[in-house]
Amino acid sequence: FGSLLGVCLITQILTGLFLAMHYTADIYFAFSSVAHICRDVNYGWLIRNIHTNGASLFFICIYMHIGRGIYHGSFMLKETWNIGVILFLMTMATAFMGYVFP
């Protein structure tokens, strides 16, 4: 599942960059910029759907990766496991910032 995580992460970064090119964070124009992306940008609706569903797939792959690590006893490797926990917490914080704050 590690390679799927890499593919999901690259897809999220690329689609996020494409969406950020057309998004306006102003309180009055935010909704209209999302509507603009879906209606006027070539394949904007597809890019938006790939980005939203890719986030869910990314977290499913993370949970499968963690589950595989627990099943195989990788938590016994303290340093590796702690780095993974830190990366997981940073991913959760980034997802929270990207979902709640805009």
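Cβ coordinates come from backbone N, Cα and C, glycine included.
Taken verbatim from Swiss-Prot:
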- 1-21: transmembrane segment (TRANSMEM)
- 45-66: transmembrane segment (TRANSMEM)
- His51: heme b b562 binding site (BINDING)
- His65: heme b b566 binding site (BINDING)
- 81-101: transmembrane segment (TRANSMEM)
Distance, the residue listed as 'heme b b562 binding site' to His65 (heme b b566 binding site) (CA atoms, angstrom): 21
For His51 (heme b b562 binding site), the three-state class that DSSP assigns: helix
